Amino acid sequence: VAEEFFTSLNLSAMPQTFWDKSILEKPNGRDLVCHASAWDFYDSNDFRIKQCTSVNFMDFITAHHEMGHIQYFLQYKDQPFIYREGANEGFHEAIGDTIALSVSTPKHLHKIGLLPKTSRTYEADINYLYKIGLDKIVFLPFGYLMDLWRWNVFKGITTEDQYNCDWWKLKYSYQGIEPPVTRTENDFDPGSKYHIVGSVPYIRYFVSFIVQFQFHQALCEKAGQFDPKNPTSKPLHECDIYQSTNAGNAFKEMLKLGSSKPWFDAMELLTGQREMDAGPLLNYFSPLYEWLQNENKRTGEHLGWETNKKICLKKGETSQP
């Protein structure tokens, strides 16, 4: 199903080696790290996915995401070795997620026979956008603060005796999240995230969650499913680029560059923009934003959180004031 989505855009089919050598189900009698990943073996033919799939919606979306990585590999495979990578690390993460924005729409799920046809209602639209927003918008402050904490450590702003409290200061400031129990410098909560202990930069995911909406809007315009001059006529969140060769050909032109051009040149080729821009994300979620404004006004909801609450004890402190 995932492969057929890509080929419907006039993008590449998976080579036979992909089907022969990928691990798509957890093997019996073997230990395996089941975290989904995509692999380029750099011989221009051997590309694989490792994923322990089950028949559920989450794995359905993940399969498209990982195949997005493979599609990027396939498109830039003829570049010189040094350019066989994404225009930047955020682009690689964004490719599959861009596809998933179409794949997850009720319109697409009905088209491929996974969802019965239902009439579009305002309530259904808001529920759909709320679900997507919990994934895409709620992640943004976390995606930013992960590397903000790392950069502060590297610059000496966060010293060894402040590792945990500075972590929670950022978590509380940017996300409004506090721990269920008081934390101290005897704890090391940042280490619970693999990317911290593995020294893997995380800003790529923050970048991805912005640029994927720029890619999505550009592709939807080329597919004739979004008009930025009249955004309510064909809402961006309803766009499904499935079977649009116009969108696929434009996507292909950017993907096949690999890193042979600076990322802003690659982005301009598809979107006409040379900078990250949250405008397409706001276009996508505009019905939800309007609903939240009205609902919060109706219920008198308090927005935000206290800024001076103490949630982590530094060395020498025994209780909160």
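Each residue, glycine too, has its Cβ placed from N, Cα and C.
Quick look at what TrEMBL annotates:
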| type | residues | note |
| --- | --- | --- |
| DISULFID | Cys34-Cys52 | disulfide bond |
| BINDING | His65, His69, Glu93 | Zn(2+) 2 binding site |
| BINDING | His65, His69, Glu93 | Zn(2+) 1 binding site |
| ACT_SITE | Glu66 | active site, proton acceptor 2 |
| ACT_SITE | Glu66 | active site, proton acceptor 1 |
| ACT_SITE | His195 | active site, proton donor 1 |
| ACT_SITE | His195 | active site, proton donor 2 |
| BINDING | Arg204 | chloride binding site |
| DISULFID | Cys220-Cys239 | disulfide bond |
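If you take the C-beta of Cys52 (disulfide bond) and look for same-chain residues 6 or more apart in sequence within under 8 angstroms, you find Ile23, Glu25, Lys26, Leu32, Cys34, Ala36.
Within 8 Å of the Cβ centroid of the Zn(2+) 2 site, not counting the listed residues His65, His69, Glu93, the chain contributes Ala38, Glu66, Gly68, His92, Ala94, Ile95, Gly96, Asp97, Ser208. When the CA atoms are compared, the recorded positions lying within 10 A of the residue listed as 'active site, proton acceptor 2' are Glu93, out of the candidates Glu93, His195, Arg204, Cys220, Cys239. Taking the Cβ of His69 (Zn(2+) 2 binding site) as reference, residues of its chain lying under 8 Å away and at least six apart in sequence are, in sequence order, Ala38, His92, Ile95, Gly96.
A gap of 33 Å separates the Cα atoms of Cys239 (disulfide bond) and His195 (active site, proton donor 1). A gap of 18 Å separates the Cα atoms of Cys220 (disulfide bond) and His65 (Zn(2+) 2 binding site). A coil conformation is recorded for Cys34 (disulfide bond) in the three-state DSSP classification, outside any helix or strand. When Cα-Cα distances from the residue listed as 'active site, proton donor 1' are compared across the binding-site residues His65, Glu93, Arg204, the shortest belongs to Arg204.
In this structure, the recorded positions His65, His195, Arg204 were compared by how many other Cβ atoms lie within 10 Å of their Cβ, and the smallest count belongs to His195. Annotation for the disulfide-bonded residues Cys34, Cys220, Cys239: lowest Cβ count within 10 Å of the residue's own Cβ, Cys34. In sequence order, Arg204, Tyr205, Val207, Ser208 constitute the residues six or more apart from Glu93 (Zn(2+) 2 binding site) in its chain with CB-CB distances below 8 Å.
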